[in-house]
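K.L.:
Take a look at this one; I'll ask things after.
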Amino acid sequence: MRRQSLGRSTRSVCLVLACLSLALHLLLAFLCLSVLQTACVLPPSSSSSSSSSPSSFSIPGTDAQHRQSVSHSSSSLSAFSSHKLPTGAQNGEHHTEDANMQHHKGKAFLSDVTEKENDLIGAKMVYKVVQKGKGHSKLEALFNHPLYNLPRPELQEDDWLLRLVYTNTNPEDGYDKAAWTSDSETHPPWLRFHLGISRWELYDRKDPNLAEVTHYLATQRILNVVQKTGGTQLKLLMSFPNYGQALLKPMRQSRDAETDVNLFYFSDFERHNAEIAAFHLDRLLGFNRIPPVVGRLINMSTEIKEITTDRRLSRTFFTSPVGNMCFYGQCEYYCSTEHPVCGRPHVLEVSLATMLPDLSLAPRRSWRSPWRRSYSRTKQAQWEKDPAYCDTVKQTPPYNQGSRLVDVIDMAILDFLMSNMDRHHYETFEKFGNETFLLHLDNGRAFGRHSRDEPSILAPLRQCCRIRRSTLLRLQLLSHPDFRLSDVMRESLARDPLKRVAPLLSEPHLSALDRRLATVLQVVRDCQDHHDDIIYNDLEAGAS
C-alpha cells in the first residue's frame, strides 16, 4: 500500500512540474514575440512627455490611384525635434550625444509648438513606421508623410498667375491647329503647367499634369531650334508643334568629372545633369520652385542641324577627326572649336527645361541677391567681410518684413546641398508683388564637386540664424534613415529617361548630399545655442 501511494504522489509531482514547465515556455515565447514586434517600431523620444496608443490612417500618395495605410506613433512635434540630428561627419552617421544634452537641444528647437500647429500637420506626430518589405519605396513614403501634405490656404482669383482667353488663330507652318476650349483636357501639358502656377508655388506636386509635362518634354517632336540669347554659355530654344517650348542645355562633361579646384566659380561649365538633379532636389525639399526638367537623347543631325533656322548656329557645325558631329554656337564662355559640343557620333545627351510664360504675359522682376558674390578674382563681397551683414539686410525692404528673408535662406540651403555658388540674382512674378515665392532658375553650375563643400554658400543661414519651421522639419526628416536624402534622390532620379544611359548623379555626389545636410542641421544647432528665436513659423494659419 505504501509503495502504491508513493507512486501516485510521484506521478502527481511530475505532472505539476510538467505543467509548470509548459507555462514557463509559453510565457517565454510570448515575451520573445513582444520584443520582436517592438523592435520594428521607432521609439518615442525621451523628451516627449506623453503618448497615446498607436493608430493608423490613410494618406494620399503621389499617384492619385494609390493610397497607402500608414501606421504612426503619436509623438508630438517637439518629440520630433528632439530626435538625434546628424553632424557634419564625412560618413553621414548620426552624432552620439549625452542623453540629457540631446533632450535639451531638441526641446529648444521647437519648444513653442502649439496645438494649432499640430492640427495643421494633421496629427500629433512626425515619425511614422515605415512598412519595410519587397518593393518598398522611400520616395513614396516621403511624399506620403504629413510634412509633404500640409493644408494649403485656399487660393483666390488673384492668386493664379494666368487665366486663359480664347481666340481663333490660323496655325503657322508646321504647327498643330489649336483647338483649345475651357476644358483643360484640350490643353497641351505646357499650357496646363502655365495655368497651374500660383502665388505660392510653380506647381502642385500631386498634380498628375507634372508627369505629363516631363513625358511631353522627353517625347515631343522637335519642330525648330535656335540659339537662346543672353547668358554666358550655350543654350538652345526648342519649339514643338503644339506651340510649346523648352530650354536645352547640352552635355559638356562626363558625370564622374569634378570641377578643377583651381577654377573660379564663374568659369565653371554648365552641366545638363545638374539642371535635372536640381529640379528633383528642389521637389524633395518641398519647395516646388524650379520648372520641370527632363533628360533626353537627341540626334544632332536631324533634330538640330537640319531643322534650325538660326544661321549663326548652323555655321558652327563640323565633323570631328573621329567622325562625331559637333557644334559650338556663339556665347561668352566655351563657344569655340576648342570647347565643342559633340555627339556619339550624332546622339547627344541634353536637359530640357519647361519654359515659363512669356514675359509679355507674365512679367518677372529680377532681384540682386544680398549675398551675391563679387565675381572677381581679387575682391570680396561685403557679406564676406562683415559677420554682422545680416543686420543691414534685415532693415532693407523687402527683407524687413514677410517671408522674403527665409525665402532667400531656403534658396541658400538648396544651393549648399548641390554646391551651387552661381546665385547672383533671383526672380519673382511681378503680379504677386513681394508676397510670393522665389524662382530657383539657372542651376547648371551645381553638382560640380562632391569631394569638397563650400561653407560660404550657407552665409545667409549662418549670419541671420533664421529658418522656416517647415523647411527645418523636412530637413530633419530627410536625415532619418527611413527617408535618407541620398536614397530618395537616387530613386527620384531613376525615373528620368536618361537613367537608361547612366545614373544622372554618381554615388559620391549622392553621398555628399547626406554630408551637406548634416552640416546644415549643425549650423541650425549652432544658431540655436546663441539665439532665442530662429524659427519663422510658416505652419500657423495664414502664414506663407
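For all residues, glycine too, the Cβ spot is worked out from N, Cα and C.
Okay, so TrEMBL annotates it like this:
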{"type": "ACT_SITE", "residues": "ASP422", "note": "active site"}
{"type": "BINDING", "residues": "GLN233, LYS249, GLU270, ALA353, THR354, MET355, LEU356, GLU427, ASP442", "note": "ATP binding site"}
{"type": "BINDING", "residues": "GLU270, ASP442", "note": "Mn(2+) binding site"}
{"type": "REGION", "residues": "45-95", "note": "region 'Disordered'"}
{"type": "SIGNAL", "residues": "1-29", "note": "signal peptide"}
K.L.:
For GLN233 (ATP binding site), what is the tally of other C-beta atoms lying within 10 angstroms of its C-beta?
P.N.:
19
K.L.:
Cα distance, ASP422 (active site) to GLN233 (ATP binding site), nearest Å?
P.N.:
13
K.L.:
Just checking a number: largest C-alpha distance across GLN233, LYS249, GLU270, ALA353, THR354, MET355, LEU356, GLU427, ASP442 for the ATP site, rounded to a whole Å.
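P.N.:
This binding site's residues have a maximal Cα-Cα distance of 20 Å.
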K.L.:
Counting across all protein chains present, how many other Cβ atoms fall within 10 Å of the Cβ of ASP442 (ATP binding site)?
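P.N.:
Its Cβ shell of radius 10 Å holds 23 other Cβ atoms.
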K.L.:
Taking only C-alpha atoms and a 10 A limit, tell me which of THR354, LEU356, ASP442 are near the residue listed as 'active site'. These are the binding-site residues.
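P.N.:
Passing the 10 Å Cα cut: ASP442.
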K.L.:
Which one, from the recorded positions GLU270, ASP422, has the smallest tally of other C-beta atoms lying within 10 Å of its C-beta?
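P.N.:
Each of the recorded positions GLU270, ASP422 was scored; lowest Cβ tally within 10 Å is ASP422.
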